[in-house]
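**Q** Just passing along the structure, written as structure tokens.
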Amino acid sequence: MGIKSDDEKQTYTVDEAIVTMGFGKFQLCVLAYAGMGWISEAMEMMLLSFVGPAVQSLWHLSPNQESLITSVVFAGMLVGAYSWGIVSDNFGRRKGFLITAIVTSAAGLLSAFAPNYYLLLFFRCLVGLGLGGGPVLASWFLEFIPAPNRGFWMVIFQTFWTVGTILEAGIAWLVMPRLGWRWLLGLSAFPSSLLLLLYSVTPESPRYLCLKGRTAEARHVLEKIAKINGTKLPSGNLVSDWEHELQNKSLLSSSSNEDDTTPKEMARDEDSISEAKEMKSEDSTSTLANSNMGGITALLILLSPELIKSTLLLWLVFFGNAFSYYGLVLLTTELNNGQNKCVSNELQSGKSRDINYGDVFITSFAEFPGLLLAAAMVDRLGRKLSMSSMFFCCCIFLVPLLFQQPKGLTTGLLFGARICITVTFTVVYVYAPEVSHRS
């Protein structure tokens, strides 16, 4: 029986390999691709504030019918967010965001040709279903980023959302008065189509491959990253996280008992370790098989006594952020249509509303200073204080809007509120993974 060399004895995980190789050209390409998906998602969400008023005037819809155009998108996202997570965990990150890109781009384009209100609702619901897979693309991106730098690059990644909101507001300003809402819907589906065109060159997440036991494929991806970045992989063999953990425990156990153990006992210990590895492998295979049954087990784990406090906390924080952010996006249009007085539904549905696209465009720019403020606050003040202080400031900006204000003051208050909610939404994306790992 041959003796193993030091290189063969050494092992490393995917995260250790990525940290060793560092951030380079490969990660920039991944950032550009994932960023395009984030721009697409932002454009489709910002679109909600423009299509409703235009369709309401054309098809003489009631306020409730107009609101339903927005509501079905969020209903689709609710289903999609849960469904695409299961798909990406069982079939891969690439297949997850491929399907979401197909659904989003196809349904978005078909929305532009919707002949009536009910088909428009159906297609917009499908768009929401596709948009629910946005976090899959974000997870795929982060799994290529060195762990110590993920907080910083998550903030950079969020800038693509801001670019998408500003781009959509600018396109609406140019297109809506001249070509109408159908052209806006069609053009907004274009970024999702770009994801499909470049899909063939995207790699699968090596972390996902390793978790599924496909270490040879994971190593091939890591070698490709090393080649593009001009670096080298660590010496040794690639192993999954649990195998690495098991080996470390075995080394600690053997080193602590090494001086007191006879050769026969050492041989028995080696046999025990081998049996433990086999049992661990069988347990891992069983766990993966159970994960393929669906997401019910994962949901039950989140609601277990050990995790329920963290789960409910994160749900509440994300609910507050989403409710405030998207509420502000929709409120921006409502308060810049020249009819910001509260009137009855009958009077409101009988009037055509002309949106001031310039003011909406200006308000969208508030997200840039919001991102800079988030980057400055998140480490100095901490995650909790940053979010709580900005939530409070957002309320201060919104309270005066309960009463009719001059046009310039309305835009200024919306601008300030948008800065604050951008800070909280950015910080929560840094805070959530940290809470999850501590739990």
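Along the chain as shown, residues are numbered 1 onward.
Cβ coordinates are placed from backbone N, Cα and C, and glycine is handled just like the others.
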**Q** Quick one: sort out which of 10-28, 67-85 is the transmembrane segment according to TrEMBL.
**A** 67-85
**Q** Where, among 97-115, 154-175, 181-202, 312-331, 409-432, do we find the most CB pairs under 8 A to the transmembrane segment (121-142)?
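**A** Between the candidates 97-115, 154-175, 181-202, 312-331, 409-432, the best contact partner of the transmembrane segment (121-142) is 97-115.
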**Q** Based on Cβ pairs under 8 Å, which of the stretches 97-115, 154-175, 181-202, 385-403, 409-432 lies most in contact with the transmembrane segment (312-331)?
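**A** Checked against 97-115, 154-175, 181-202, 385-403, 409-432; highest Cβ contact count belongs to 409-432.
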**Q** Given the transmembrane segment (97-115), which of the listed stretches 67-85, 154-175, 181-202, 385-403 has the most Cβ pairs that are under 8 Å apart from it?
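**A** Comparing 67-85, 154-175, 181-202, 385-403 against the transmembrane segment (97-115), the winner is 181-202.
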